[in-house]
Amino acid sequence: MPRNRKLDASRLPTFLAALAAYVAGSSRRRARTNCDRSNLMQSTNVAHPILAVRGVSKTYEGGFQALKSIDLQIARGEIFALLGPNGAGKTTLISIICGIVNLSAGEITVDGHDIGRNYRAARSKIGLVPQELTTDAFETVFDTVSFSRGLFGKNKNPAHIEKVLRDLSLWDKRDNKIMTLSGGMKRRVLIAKALSHEPELLFLDEPTAGVDVALRREMWEVVRKLRENGVTIILTTHYIEEAEMMADRIGVISGGELILVEEKAELMRKLGHKELILHLQEPLSDVPPGFSDYDLSVSADGSMLTYSYDTNAERTGIGSLMRRLAEEGIRFRDLSTKQSTLEEIFVNLVEDRP
Amino acid sequence: MNLNAVAAIYKFEMARTFRTLMQSIISPVISTSLYFVVFGAAIGSRIQEVDGVSYGAFIVPGLIMLTLLQQSLTNAAFGIYFPKFTGTIYELLSAPISPIEIVLGYVGAAATKSIALGLIILATATLFVDLRIEHPLWMILFLVLTAVTFAMFGFIIGIWADGFEKLQIVPLLIVTPLAFLGGSFYSISMLPEFWQDVSLVNPVVYLISGFRWAFYGTSDVSIGVSLAMTLVFLGATLAAVTYIFKTGWRLKS
């Protein structure tokens with residue numbers, strides 16, 4: 001697979017099928033060892049969570065059940081990525097936590113404050129960047145961000161607003177009307193509004209949907225800076241690449257159920273494969289006979305031989321492969337290794353299954 | 001009490017008023033001036049005095065009320081409807097503010113604007129007719145109570161409306177007819193007895209009657225009844241708003 005393959009939402013069906021397969025697989029493993037289950041539990045329970053979601057369900061009028069008993073805890077200072085397809089319940093969950101949608105059952109606390117009984121304390125800690133570009137039109141950037149700060153009960157602080165606008169490269173646009181801004185700038189205005197009252201918990205609902213590559217990287221930079229300042233971030237995304245780059249933990253939601261919560265590193269370690277790529281001196285037309293024990297493939301032009309191996313296996317087989325290649329007189333001029341991406345993990349899961 | 005939020009909403013709404021100065025202030029003043037020219041100067045000179053007041057002066061309280069009702073209502077309705085329409089309501093719903101604070105911000109701004117308009121029209125009226133105000137404090141009281149009540153009513157309409165048509169329909173089909181039939185341009189006592197009784201069902205009758213009493217000391221119904229009815233209507237809008245926020249009706253799913 002090419003290294004920098006462009007990831008997009010069109011790959012999502014594959015990704016989800018892979019996930020379903022993974023979940024089915026993990027339940028089989030659970031039956032066997034019961035250890036995956038405890039891992040899962042460990043990663044949903046954290047000490048002194050900034051956000052605790054317990055048994056939250058949502059059934060919309062008309063009977064559609066958007067969420068089915070969600071349990072989730074978010075640790076202070078982490079970046080949590082919520083993955084899932086359209087209609088999985090990501091936005092519903094965020095909307096409930098932020099007070100935009102009523103919950104049907106369950107309990108949510110933000111920094112220990114119940115979002116219903118103690119909504120003022122809970123909400124004042126939350127910043128929300130919605131998915132849609134819903135901004136005012138005629139207000140200036142500075143005014144709309146100041147408005148948000150006031151709405152969240154904070155006293156005026158032009159210095160803080162200036163800092164937020166500068167961090168988001170919006171300071172030059174402070175006196176512009178929002179309607180004159182580009183889509184990417186409007187997105188940043190929404191982030192500025194969400195940061196205007198110095199929240200401890202920030203929700204970014206698809207922050208990079210419909211945003212070009214340069215701006216996406218800029219957004220990631222913003223998110224990193226925020227994390228350095230101790231802000232806890234929950235982001236939803238279609239881009240698995242994004243989750244992989246940013247997140248400490250990953251949750252996958254599908255059909256209103258949180259089907260997986262896992263440390264990203266753990267997930268990658270458990271399910272990750274590595275590839276050893278040998279750049280050959282003389283091209284091969286096919287995998288040489290006698291190497292069927294190894295998971296080898298030859299590139300189309302025959303110049304590269306790729307060996308896939310499991311990082312968790314007791315023996316990776318690299319040593320023996322090298323010896324065998326030398327014995328066969330297959331020489332190479334360079335080698336490289338490549339770790340599988342989060343997306344590839346899921347894709348591989350599908351491909352590995354009959 | 002999140003006073004910063006109330007101030008933020010109030011300021012936001014007032015800024016909207018000043019951005020649309022032409023439509024907000026100047027157009028109501030011009031249309032009311034036209035009423036004075038037509039009913040006060042042209043036709044009014046041929047109508048005898050009503051309750052001892054020249055016709056031109058008689059219609060002033062009614063005209064102010066007419067503008068007050070329409071402007072309070074449409075302003076508050078538009079103020080809360082527009083965020084729903086654009087989606088920016090998410091911020092209002094996710095902010096640490098209580099329903100009372102939201103209402104104070106929106107209704108306060110809408111009422112402020114229509115009271116200012118009422119006073120501007122009053123000032124304009126003095127250019128056309130001789131005015132006297134016998135009970136200025138009562139005049140201010142009715143002005144404020146009516147502006148607040150109808151701003152509340154407008155706020156409810158703004159929440160109820162799910163399209164621009166609904167936003168227009170209540171002011172157009174209900175409030176304007178009620179204001180015209182509520183004695184803006186005539187005394188209820190000029191009507192046949194049957195229609196006098198029918199008029200008593202119209203809440204606007206009490207507002208205009210009380211307001212006119214504050215000017216000239218004459219009224220269709222007693223000032224106590226006027227005040228009581230105004231307060232009842234205000235209470236009803238308050239109850240409706242409380243219900244809306246308690247249930248999230250039309251705001252939250």
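The backbone N, Cα and C atoms fix where each Cβ goes, and this holds for glycine too.
A TrEMBL annotation is a machine prediction, not a hand-curated record.
Per TrEMBL, these features apply:
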DOMAIN    B:19-248  domain 'ABC transmembrane type-2'
TRANSMEM  B:20-43  transmembrane segment
TRANSMEM  B:55-82  transmembrane segment
TRANSMEM  B:102-125  transmembrane segment
TRANSMEM  B:137-161  transmembrane segment
TRANSMEM  B:167-186  transmembrane segment
TRANSMEM  B:198-215  transmembrane segment
TRANSMEM  B:221-245  transmembrane segment
Sequence-remote partners of the transmembrane segment (B:198-215) [C-beta within less than 8 Å, at least six residues beyond its ends]: 57-58, 60-62, 64-65, 69, 131-136, 138-139, 141-143, 146, 175, 178-179, 181-184, 188, 191, 221, 223, 225-227, 229-230, 233
Which of B:20-43, B:55-82, B:102-125, B:137-161, B:167-186 contacts the transmembrane segment (B:221-245) most, counting Cβ pairs under 8 Å: B:137-161
Leading stretch by Cβ pairs under 8 Å, where the reference is the transmembrane segment (B:55-82) and the options are B:102-125, B:137-161, B:167-186: B:137-161
Long-range neighbours of the transmembrane segment (B:20-43), counting only residues six or more past its ends (CB under 8 A): 55-56, 59, 63-64, 67, 70-71, 75, 113, 116-117, 120-121, 124-125, 128-129, 185
Folded-back contacts onto the transmembrane segment (B:102-125), same chain, C-beta under 8 angstroms, at least six residues removed: 5-10, 12-14, 17, 24-25, 28-29, 32-33, 36, 60, 63-64, 67-68, 71-72, 75-76, 79-80, 92, 131, 143-144, 147-148, 150-152, 154-155, 241, 245
